[in-house]
Amino acid sequence: MTIELIQEDEEAPDVGHDKLATVNALAPLRLITICSSTWTAGVLAWAIVLRDGPTVVAIVLVSLASNLHSAASFLQSSTIALLPPSTQSPPGDLVLRTREGAFIVVHCSETVARLLYAGEASCDYVAGATMYRILIYVGTLFLVLGIVSMSNCSWIMQVTLGASYLALNVIYMFCALTPAVSLSCHWNMRLVRVVDKSTTQAQSLTEVVWYCIRATGETDWTRKGRLVPKTRQWDMWLDEAKQNRSNTNWDAVAAKDRLMSYDVQAKEASNQDDDMSQPKRRPTLL
């Protein structure tokens, strides 16, 4: 897979922030939170109309617990140092290997590479360590008291609250099980534009490495990343692959098999020469 990351220098003054990633205004989690708050307000009004005191107390306590836990975990992405549009940055192409065995070739400038891959991955929590513990402890206390209050609610309100919280858990679980959709709709990365250039399926590691060599035009990264064995045959194959990086008809697998077969034939010939050079013993007659 080959992608290109382009720094949107012309949009940097208009985004209104100096952060690499922010949350979209219509992010899925925000929409779920708004719907959940609206539904909770409706159930609370219904409980007030029914004059169900335990239900009112339970809804208020559980809502406060959720708000306190969210406030304790609230964070923001760290600020970044934006370069002026006139600054020239050398190429910073990268080759990434995933755990599934896929290779991703990233074409970008050195500035973008430092921001995304070489920079420190950190976030700024709004609440400090002490305030975090206080919010978590108080929120947990409210949650326990709210659950106890639910046991004293009327039957119809118990069913309503149980179904509501069950539906919310299902919705949040659905978002967690679809990370590609959630991430694409959740994060706003206007400072960097991603261009998907090509995706190629390969049948072997040799083909994958060859496709990456064609995309990058270099072979040094294969040795630095130890992606191929450090042998004379593979070094010859890498040199031949670099020479044919512009030749789309070059068969990388056939070239590798040819070099490996030459090595096997040379070893067999060497073994035969060693056997012929050894002195022969005459048979002993008994």
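Backbone N, Cα and C atoms are what each Cβ position is placed from, and that goes for glycine too.
Remember, predicted model here, so these are calculated numbers, not experimental data.
For 29-49 (among others), the entry in TrEMBL reads transmembrane segment.
Residues or ranges marked as transmembrane segment by TrEMBL: 134-157 (among others). Tertiary neighbourhood of the transmembrane segment (134-157): same-chain residues 43, 46-47, 50, 52, 54-55, 57-62, 64-69, 71-72, 127, selected by CB-CB distance under 8 Å and a gap of 6+ residues from either end.
Among the features that TrEMBL reports, transmembrane segment is placed at 163-183 (among others). Using a Cβ-Cβ cut-off under 8 Å and counting only residues 6 or more beyond its ends in the same chain, the transmembrane segment (163-183) has close neighbours at 28-29, 32, 36, 39-40, 43.
TrEMBL lists 266-286 with the feature region 'Disordered'.
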Beyond the flanks of the transmembrane segment (29-49) by at least 6 residues, Cβ under 8 Å: 23, 55-56, 59-60, 63, 157, 160-161, 164, 168, 171-172, 175, 182, 186
